[in-house]
């Protein structure tokens with residue numbers, strides 16, 4: 001038996017999961033809008049360019065949450081398939097290649113936003129006497145949008161081209177799975193919107209690139225943060241400038257920690273444990289998704305708290321709100 005129906009969550013748990021995806025996305029929308037408003041009114045001239053990188057990363061993080069909450073995915077390991085439970089389920093069944101390409105593109109955009117944000121912070125610590133400083137300055141300041149688009153397309157091509165080559169015909173793949181294990185008909189009846197991203201009855205090497213990225217990217221990120229911290233400590237720039245860079249470095253480190261705890265660790269659990277023989281991947285994926293949907297909210301809150309101008313702007317917003325409430329009460333009582 002490739003996948004037992006007992007490995008799936010109960011109907012009640014699946015219903016709760018779908019509702020949770022909708023509710024948490026509404027909460028995320030409110031948090032993201034509030035964060036962007038505070039960041040816009042609090043941005044300073046000294047961090048004007050970095051403000052763009054932060055806003056860009058939050059927007060792409062929100063887009064990731066949008067497509068994930070609309071999909072409400074359940075992993076079906078060891079099968080190379082995903083079950084769609086959300087509002088995008090009918091579209092995923094009718095246009096599986098399109099939904100896969102859009103998802104990969106959004107993931108690529110977010111990956112590019114995170115990487116460019118890290119690269120920019122490292123560039124900020126580069127001494128102006130360095131031979132490549134002028135080129136890097138123009139790249140990260142004057143051509144920031146172009147650099148982001150190019151980097152996004154590179155990541156997208158790296159992920160999508162291999163997947164598109166081996167992306168199976170869904171009807172043939174379904175028939176192959178049913179011929180191999182007729183008991184899967186129960187699962188297809190219960191979850192009709194199932195999309196397979198690779199052929200065959202096992203995931204095999206289709207996740208090799210994802211595993212490599214999950215190992216490589218956190219390692220590179222930690223190394224870059226360490227290099228940046230060491231460079232700042234050795235820097236002979238004015239104390240005020242160093243203090244600003246250290247503050248932004250702390251926010252980047254906390255941002256990276258949130259990403260690691262709420263995305264990378266659940267991804268490790270979801271991908272690696274089934275590879276070592278653990279069953280019930282559908283239940284496991286639902287638990288990991290519940291954790292993942294908290295990431296954008298935590299990232300926004302940590303950003304508002306760790307970056308001093310944003311923290312002060314947030315406090316100003318709350319003070320204005322508190323000041324308006326008594327004035328409204330006075331007006332209503334006088335009427």
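Every residue, even glycine, has its Cβ placed from backbone N, Cα and C.
Bear in mind that the values here come from a model prediction, so they are computed numbers and not experimental data.
Summarising the annotation, TrEMBL assigns transmembrane segment to 16-38 (among others). Under 8 Å from some Cβ of the transmembrane segment (16-38) lie the Cβ atoms of residues 9, 55, 58-59, 62, 65-66, 68-70, 72, 74, 85-86, 286, 289-290, 293-294, 296-297, 300-301, 303-304, 310, 313-314, 317, all in the same chain and six or more residues away from its ends.
According to TrEMBL, the feature transmembrane segment maps to 59-79 (among others).
Below 8 angstroms of C-beta separation, residues 49-50, 53-54, 56-57, 59-61, 63-64, 67, 71, 88, 91-92, 136-137, 140, 144, 147-148, 151-156, 159-160, 163-164, 167, 195, 197, 217, 221, 224-225, 227-228, 245, 248-249, 252, 259 of the same chain, each at least six residues beyond the ends of the transmembrane segment (99-123), sit close to that stretch. If you look up TrEMBL, you'll see 99-123 (among others) marked as transmembrane segment.
TrEMBL lists 143-167 (among others) with the feature transmembrane segment.
According to TrEMBL, the transmembrane segment annotation covers 207-229 (among others).
Remote same-chain residues near the transmembrane segment (249-271) are listed as 75, 77, 114, 117-118, 121, 207, 210-211, 214, 218, 221-222, 225, 228-229, 232, 281, 284-285, 288-289, 291-292, 294-295, 298-299, 302-303, 306-307 (criterion: CB distance under 8 Å, separation of at least six residues from the stretch ends). Taken from TrEMBL, the feature transmembrane segment covers 249-271 (among others).
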